[in-house]
Each structure stands twice: as structure tokens, then as C-alpha cells.
């Protein structure tokens, strides 16, 4: 990757994923100001990174401490929180490194800068793959909960969930190494784009199936006698599905501009309009970090148990039932 592309900026970016050819003359643009690289202060990245780290650490602590949250879905949420922490940590460290280099307080060799640049990019890519895989795992967990409710506890045990999480992170680590090895190849970008759209399509299919089933179930309940009510377990399952749907929607909203950026790099690297769009890369990076900040808020908003555990941890209460 071209470290000069990254470290000449005052805010972090993925070099290979953000670099684009020199912009055309102003006469060929829709507006020279619109095509200029967006400047975002390093403090913004650091603030988002710190807030995200604190929030996601709180999520993991809450699940670990509260025995009532020791279920496959919450362990998958912990893994998703770890992925959010990784992208925040990567961007924060890269921001600090860029600030140090720009201040001339340390003299670093180009080879070291290149190496660190690849590591930061690899961390973000690992976080992306881990987020996608964990969201897919949660979607499958909710699918099994709804369609195989009576067999759920034998199909999806805590041990199986933890094993799956371990496999996910091992695969993500391998992907991270491959990203570094093939950092100069555009196939890395193609693989990321393909994985993103394939996973989104698969998860979308699962959720459409789940909500069509829920709609059919509600229609059947409506024709039953007054005694026929929705079982609490069924209501809980659908609530969990809604929560994960919200998470998926936020994920797509925050990451889609970044992936459009990648698509434009591949398909129209010299088009003036594409160049104008890719010039706003730092904005898309801020959106990615915002996703890491928003996710824990969704957990807290949708789960009373998790929200109460947050309060107990923040208040320093030690009367938690460890289950």
C-alpha cells in the first residue's frame, strides 16, 4: 500500500482503498471545492474511537458478569462488540501515528511506516469481516430460534456458539494476513465487495423469511378464540429478530458509502464524478466509526436486562446475580 497517500493526510484512511488518480482540471469538474479532500480533525477520530472502546468494553463486561445473558445471541453480540472495538482501536492508533509523524517529533523509516500502515488496514479489514460474520451468525441464531423453537437448545448450545465465534476470528485473522500479503492487488477490494454484498443478500433473505413467517403467525392468531395469545417465547424471539434487523440496517447505512467508494475505485477511477465521491473518504470512515458507537446503544435500548446490567456496572454495584 502507498503509505504516502495515508500519512500525508491529517486524518487516517485506508491508503489502497482511498487513493485515486489526480483530479482532473477544474474545468472538468462540477465544482472544484466539491472535489477537494474533506478535512476532518484528528480529535474527531480520537473522540469516536474512545467512546466506541468504552461502550463496547461495557457490553462485553455486562455479558460476562450477568449470568442471565449467557446465551448464544449475547455471546455473538460480544463478538460483534469486539469487532467494533478493533476498528475503533485501529483508527485511533492510526490517527495518533499520523499526528506524531506530522509533528516531526519522531523520525520513522519509510519501511516501518509502510508496515504499520498495512497493519492498521488489516485491522480494519478484519473488523469488517468479523462484523459481517457475526451479524450472519446472529441472523442464523434468530432463524433457528423462530423456525426450530422446540429444538433450539439442542441445535444452538453455548458451546457451539463459542466454537463458532472462535472459528470466525481464526478465519478473520487469516484474512488479515492475506490482506497484508496481497495489499497491492485490487483483488483484495473485489473480495471485500463480493463478501459484503453476498452476506447482505443472504441475511436479507433470512430476515424476509422470518418476518413473512411472523406475519403469517399473527394472521393465524387473529382467527383464534380470545384465549389464543402469542406465547412469550415467540414474542421474545421476534423481538430479538427486530433488534438484529436494526443492527443490520445501521451496519449497511454506515458501511455502504465505504463500499460504494471501493466500487468506484474499481469501475471508474478516472471519472470526474467518481473522483469527487472518493475525495470524501474521511467522511465515510467517520460513518464506520459511528457504527461502532451506535451498536451498543441499540443493545441497551432493545434489552432491558442488558440496560440494567450497564447501570449496575456504571454505579459500581456488586449485588449482581452471577447466575
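In case you wondered, yes, glycine gets a Cβ from its N, Cα and C as well.
What Swiss-Prot records for 1-37 (among others) is topological domain 'Extracellular'.
According to Swiss-Prot, the feature N-linked glycosylation site maps to 2 (among others), an assignment based on sequence analysis.
Residues or ranges marked as N-linked glycosylation site in Swiss-Prot (evidence: sequence analysis): 16 (among others).
If you look up Swiss-Prot, you'll see 28 (among others) marked as N-linked glycosylation site, on the strength of sequence analysis.
Look at Swiss-Prot and you will find 38-63 (among others) tagged as transmembrane segment.
Marked as topological domain 'Cytoplasmic' by Swiss-Prot: 64-75 (among others).
What Swiss-Prot records for 76-100 (among others) is transmembrane segment, and it gives sequence analysis as the kind of evidence. Away from its own ends, the transmembrane segment (76-100) comes close to residues 6-7, 9-12, 42, 45-46, 48-50, 52-53, 56-57, 59-60, 63-64, 106, 116-117, 120, 123-124, 126-128, 130-131, 134-135, 137-138, 141, 161, 165, 168-169, 247, 285, 288-289, 291-292, 295-296, 299 of its chain (Cβ-Cβ under 8 Å, at least six residues beyond either end).
Residues annotated as topological domain 'Extracellular' in Swiss-Prot: 101-118 (among others). Per-residue pLDDT, averaged across the topological domain 'Extracellular' (101-118), gives 78.
With a cut-off of 8 Å between Cβ atoms, the residues of this chain six or more beyond the transmembrane segment (119-140) that come close are 1, 12, 14-17, 73, 76-77, 79-80, 82-84, 86-87, 89-91, 93-94, 97, 161, 164-165, 168-169, 171-173, 175-177, 179-180, 183, 188, 192, 195-196, 199, 202-203, 206-207, 244, 247-248, 251, 255, 288. Annotated transmembrane segment per Swiss-Prot: 119-140 (among others), in sequence order.
As annotated by Swiss-Prot, topological domain 'Cytoplasmic' applies to 141-160 (among others), with the evidence given as sequence analysis.
Annotated transmembrane segment per Swiss-Prot: 161-181 (among others), in sequence order, evidence recorded as sequence analysis.
Swiss-Prot lists 182-186 (among others) with the feature topological domain 'Extracellular'.
The transmembrane segment annotation in Swiss-Prot covers 187-210 (among others) and is backed by sequence analysis. Beyond its flanks by at least six residues, the transmembrane segment (187-210) meets 16-17, 125, 128-129, 132-133, 135-136, 139-140, 142-143, 146-147, 178-179, 241, 244-245, 248, 252, 255, 259, 262-263, 265-266 of its own chain at Cβ-Cβ distances under 8 Å.
Residues or ranges marked as topological domain 'Cytoplasmic' in Swiss-Prot: 211-245 (among others).
Per Swiss-Prot, the feature transmembrane segment maps to 246-268 (among others).
Helix, strand and coil content of the topological domain 'Extracellular' (269-277), in residues and according to DSSP, is 6 helix, 0 strand, 3 coil. Swiss-Prot lists 269-277 (among others) with the feature topological domain 'Extracellular'.
Highlighted: of the candidate stretches 38-63, 161-181, 278-301, 278-301 has the greatest count of Cβ pairs under 8 Å to the transmembrane segment (246-268). Tertiary proximity for the transmembrane segment (38-63) is limited to same-chain residues at least six positions away from its ends with a CB under 8 Å from its CB atoms, namely 10-12, 69-70, 74-75, 77-78, 81-82, 84-85, 88-89, 91-92, 95-96, 98-99, 279-283, 285-286, 289-290, 292-293, 295-297, 299, 306, 309-310, 313-314.
For the topological domain 'Extracellular' (182-186), the DSSP counts in helix, strand and coil order read 0 helix, 0 strand, 5 coil. Sequence-distant contacts of residue 315 (S-palmitoyl cysteine), defined by Cβ-Cβ distance under 8 angstroms and a gap of at least six in the same chain, do not exist.
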